[in-house]
Amino acid sequence: MSSSPKTGQVRPLPESESQYPGKRPKIEKDTKSKKLTKKNAKKLKKQRQTLPENCSPEDVQWKDIVSLLGENVINGAIEEGSEFQSPFAYHEVLELEVKMICSNGDGLAQSDREDIRPWVVVVPFAMPGERVRAKIFRNERMHSMADFIEIVRPNLELRDDARIKCKYFSKCGGCQYQMLSYEKQLEFKRDVVVKAYKNYSNLLESSVPTIQPTMPSPLQYGYRTKITPHFQAPPKLDRDVLQKEVSDGKVPDWLKIGFNYQGQNKVIDIEECPIATPILNDALPGVRDNIYKTIHTYKKGATLLLRESIDTSGDADGKACITSNHASIREKVGDFSFEYLAGSFFQNNNSILPSLTSYVRDAIFSLYPPEDSARPTHLIDTYCGSGLFAITLSPYFSQIAGIEISADSILYASHNARLNNIP
């Protein structure tokens, strides 16, 4: 009887038993016939012993791959030692049938050629039921990563490209679902939670709670109050030459300020972002222009910050764009005011926060009649940050405690309690 582990079991496994994706294998043009050298064999052994971090994006994707291929196929390949033997060559262009959406938003596709063994190809911007062309750029355990080229046969029940509002969509790695109706986007997001409970809760199926529909956001575009475009290091040019170029008003061809291309560590130049608030988009050209003028002073790349704040220096209803990580941000959530460091964490979709905090309140108290003496009176807000839930729920509890590891966040949470007249 085989001693192979069950697929999905989390423990270190010897050599060919490990069913988790390891580090990227060296890709050969002919992966079927290539004989392993001593060096390659040692590298492959290390890959088979390497587990991804539990609950990491790689682990989440792997569980979707297992779901698509089936445990028998995965375990059979592991027993044969063929889990890294991709049927596809580096940069091979394929037509593929998209079978499902991974939890990270990418399509999981397969070839329908009879000579191809069961194998998954991960393709971004592709929907279930579509036929796509894609180009392989990396082979991994039981799957390959591919760049999206084009849709050969769209799934018109899902896809409507007229919905896309970003000119960088299908190149920029920031968004995946703009071709979908918002209702379908919410369904896919609910499915992510369903699969998370299935794969990581360690609960019996009968004990898993019913996952409710995803709460919609009042805004689908123009909602994001923080963006962090970046640029890569300048080439090793003479600083005086570079300074003269920018002094002449010339933007270097190599300078791209934006976000990463999908699946690449390469920056795509972004002049506007439709999911960012109008305040941030209005400020972005000036921020970009400042980098153009000072790029000769940078020895390495940098990440920029643009964050929306209530303008405390002028009109109470005015908004401003803050670009310093160390500045204070002021924000309103319903009737409550919050301040926090610009570089710290706070929810980036302000429009949904009133309904989010109300949902948490209702979830707590819906189990108790209004006059029930067992109704909760004390709230502990763990990972409280600057106090979002503790402060917005404060009218409903007699005592509240916040727990947080960040000293700055604790200072701001205490400040926010005073700001909202909470003793």
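Glycine too: its Cβ is placed from the backbone N, Cα and C atoms.
Those TrEMBL annotations? Automatic predictions, nothing curated.
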Annotated companion of Gln347, Glu404 at the S-adenosyl-L-methionine site, TrEMBL, chosen from Tyr359, Tyr383, Tyr396: Tyr383
Sorted by sequence, non-Gln347, Tyr383, Glu404 residues with Cβ within 8 Å of centre, S-adenosyl-L-methionine: Phe345, Asp381, Cys384, Gly385, Ser386, Leu388, Ser409
Confidence summary (mean pLDDT) of the domain 'TRAM' (87-150): 97
Cα-Cα distance maximum in Å, computed over every pair in Gln347, Tyr383, Glu404 that the record assigns to S-adenosyl-L-methionine: 16
Residues that sit under 8 angstroms from Tyr383 (S-adenosyl-L-methionine binding site) by C-beta distance, when 6+ apart in the chain: Ile403, Glu404
